């Protein structure tokens, strides 16, 4: 066992040869390197698989022995200061290693086919392998200096991948936005690291925690300064994990390739912030109010992310806000002191979200055969629908990921989210109400995404919904070039599902329309589609290749079974809670005297309540977004609510207000754009004006005045001595007269 730990230092460096060899190959042998480009995908998967096997071995030893291993190399600069570099293997490290490698391998296999026709194929795999190296180095770091170095490398890789298609202005701006937003958090992290080094004199985690606890117990620290340093450390995690108010970069990060979205949202960049808080939790729990601040940021992010996901049209943006909300749950759990629940949800969410993103990538890949390569069209759920019979495997996988995120048993996220929700009651009833309500919102918007994508009919084949033109509402070329705009610029997504033939908005209609041979006749008691008299033959999406489906099927298995790792049952000598063994010893401020086990009755009582809330959210989603030829088409209960009146008008205003809030991202981006971006530009313009007109203007003005005075004097002189003597005596006389009159006035006064 000791020998296995001794060689753990090699873990971050195993994927590193791939980007190095790709770079050298493109520099020295560009033609051969490009012709053998598929070989690099195999090498990337192979090296990361070796890391995964090594990590599994370490994890098994962690579960059996609960040991912690640290190895440090010291570089002594002088007698007073030395730099120490090493690696730390503990339960948190082993969990993150398994997570990074398993998700990373699935994404790499998926990317081989997804990126096969992209000219940046080699660049993509170089970035991906370096991304894995950076994240593996981050989680094995033994001190804050190493954390910061690999933290920045993770950020660099994410910026490169977000702006992978840098020739697209939108992608370039998204990259810049991610960079600038994370600069704020990273600067705070650096200041926090320096602050705690100034307090304790150490960067090593063990020494830092021990020295700081001694200082706290002896009351030898300034609590205001300590709290400020802790908040600065936490700011780094806030930016990296897209917590409010530094969350604005995450939805725009969807401009990168879909496999990158899966990796960033599941196991790398956004997980880094959660990892940092979990690693520093022994430091945070002894600082007054910082834990409350962490939980406050978490609960705000939980609710904000869910509300912003309600009306997104882009499938990847909807999933991005879902990630933001789920990361808020993890941050809430850490702030409550429920360390096990936070890491449990990090694991289950990673596999479920990777499944959803790879499933969405499969959908986008299939839609590109219809709309061409144009993310605004291939990712737009307005143009989707009816994909169930065309991509059945993708549909099934996406449904399982959706149900998992909704919290439906026995899927993965049910077990972890239920644990966080139950712990929230012990922490704060207000936080618990918000967290439970958001669980219902999660079920609603995830079911909405599923219904709009897979159920109903393929909207891309229908004509202009406004009834004014006989052209498709998207004029789509094969290569996704700009076509005609949507006829109604401000139309809402639900409007497409509730327009009557005459163009008037209505929720309810009993008319029967025959659409075409591919869509059967339908009666629409609720959300109705306008009548399209189109009988043309269209092409349809097809299922993705096996190379893309294989990782999706593996992630289905993880989504089905990974939740059983943390089942908190321990009865009759049978302990099923593998996760608790893995995390021994762990921190839990809410269950200090508990062995992390509950009885069957308490479990079922809590589970029924959480599943009921999720089911209610799913029902509301079906109520609003159900397919137009669903089995509920004759449900007259819905039509009983049709009557228009003041209440209906008021409810529509509320609904439209919620839609505007969600679709406009809570106006937070607009606020930043107005008050920060524009404000900084105005300040820069004022500084430029002050520098040019005031700072430079004063000496320039003196020089200019001196120049003109000199010119005047020069014009007076003609080169004659008599003229010089005349002016000299004149000036002296004037001076003497002034002096005389001043003395006279002084004597008189």
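From the backbone N, Cα and C atoms, a Cβ is placed for every residue, glycine too.
According to Swiss-Prot, the feature transmembrane segment maps to 9-29, 89-109, 219-239, 258-278, 290-312, 327-347, 354-374, 396-416, 425-445, 549-569, 608-628, 694-714 (among others), an assignment based on sequence analysis.
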Same-chain residues near the transmembrane segment (354-374), Cβ under 8 Å, at least 6 residues beyond its ends: 103, 106-107, 110, 114, 258-259, 261-263, 265-267, 315-316, 319, 322, 383-384, 387, 390-391, 394, 397-398, 400-402, 404-405, 453, 460, 474, 476-481, 538-544, 548-549, 551-552, 555-556, 558-559
Ranked first among 258-278, 327-347, 396-416, 425-445 for CB pairs under 8 angstroms with the transmembrane segment (89-109): 258-278
Cβ-based contact of the transmembrane segment (549-569) with the transmembrane segment (9-29), 3 or more pairs under 8 Å: no
Sequence-remote partners of the transmembrane segment (396-416) [C-beta within less than 8 Å, at least six residues beyond its ends]: 322, 326, 341, 344-345, 347-349, 351-353, 355-356, 358-360, 363, 439, 442-443, 446-447, 449-450, 453-454, 552-553, 555-556, 558-564, 566-567, 607, 610-611, 614, 617-618
Same-chain residues near the transmembrane segment (425-445), Cβ under 8 Å, at least 6 residues beyond its ends: 295, 299, 302-303, 306-307, 309-310, 318, 321-322, 325-326, 329, 332, 336, 405-407, 417, 590, 610, 613-618, 620-621
